[in-house]
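Note sheet for the following structure.
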Amino acid sequence: MPKARKSHPPSSSSAGPYARPPPSTSAKAAATKAVNNVFKMNTNLGQHILKNPGVAQAIVDKAGLKQSDIVLEVGPGTGNLTVKILEQARRVVAVEMDPRMAAELTKRVQGRPEQKRLEVVLGDCIKTTLPYFDVCISNTPYQISSPLVFKLLALSPAPRTCILMFQREFALRLVARPGDALYCRLSVNAQMWAKCTHIMKVGKNNFKPPPQVESSVIKLEIKNPRPAVSYDEWDGLLRVVFVRKNKTIAAGFKSSAVMGMVERNYRTWCATVGVALEGEEGGDVEMGDGEVGGEEEVEEMEVDEDGMGDVRKVLVRKSRKGKGKVAELVKRKVEKVLAETELGEKRAGKCDEADFLKLLYGFNKEGIHFS
């Protein structure tokens, strides 16, 4: 009778780079498993604990940590990433909203040498004043993805690098280029201030509980020196042109709400630099003045597809005498800039940072501002 063949587990050489290690009965592995089973996770806060140590190690390796580095970790949870960061960095500042998680993380390093090198901050990372740090590593709660990115981009001094895990679609928006379906205001803003690189995909089964969508890890390397442009001005222009990214830029400036905002900003600029306005007395369009009589409410939805859309309601008072001299002057200035830059007939979804810089410079030269 032939002998039964025994099945053999795959060798370590055939395992994938992020494959889970073989089961271990060590006390350390048992402790990690126990920690991960302590709580019922609050998925409304985006609590999905990264449970695969292979992925955690890969994320830390991509950060290129030095022994002198101070690392900011956002959303450390029970500390699966934290303990690996502590192996390579001088110090870790972990910002956690959930007191249960913060207590568990503190307990995890209690009595160990790493305890002195870990500072746990209980609070909302977006509202917290952050200390200096060299590197940021985050398994980012989904609801703070955009605010966290822009907070990091605005920091001074800027961190050397940021390794951030996001929902897959949000991550792909960060790295999208002109012409891509996911290219949006978020893409332009992020790439204006940082080099954005997609590092790796992370399947939902690597988390507990598993999220509904896949994840990706992004590397942000903030530009140094920073671009010499006001962020508020830059973002103000992008909000106008990305209202409908597949329509021409000129079409965006035909909106009465947009032109009213541009005119109001032009009046403010003229008053600031001492430029006299002609025809002040005759029926100009005024924005949001709150007066009664002949008002039309205009509601526009900014569809920039980055989860940051907002509804802007503007009251435009119609003049019985027409638009007025200042409104006509502003309209001519806008048409002039769009013609000179040759961007009026282009679509925002096809333009890159250089195009938008060219457009912003042209408008500013004519006294037109967006903040």
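Positions of Cβ are set from backbone N, Cα and C atoms, glycine also.
Any TrEMBL annotation is an automated prediction that lacks curation.
These features come from TrEMBL:
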| type | residues | note |
| --- | --- | --- |
| REGION | 1-26 | region 'Disordered' |
| BINDING | HIS48, LEU50, GLY75, GLU96, ASP124, ASN139 | S-adenosyl-L-methionine binding site |
| DOMAIN | 55-224 | domain 'Ribosomal RNA adenine methylase transferase N-terminal' |
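Along the domain 'Ribosomal RNA adenine methylase transferase N-terminal' (55-224), the predicted structure has mean pLDDT 96. Neighbour counts of Cβ atoms within 10 Å were taken for the binding-site residues GLU96, ASP124; the minimum is at ASP124.
Of all Cβ atoms in the shown protein chains, 27 besides its own fall within 10 Å of the Cβ of ASN139 (S-adenosyl-L-methionine binding site). The local packing around HIS48 (S-adenosyl-L-methionine binding site), expressed as other Cβ atoms within 10 Å of its Cβ over all shown chains, amounts to 23. A 10 Å cutoff on Cβ-Cβ distances gives GLY75 (S-adenosyl-L-methionine binding site) a total of 26 other Cβ atoms nearby, all chains included. Taking a C-beta cut-off of under 8 angstroms and a sequence separation of 6 or more, LEU50 (S-adenosyl-L-methionine binding site) has the following same-chain neighbours: ALA56, GLY77, ASN80, LEU81, ASN139, MET165, VAL202, ASN206, PHE207.
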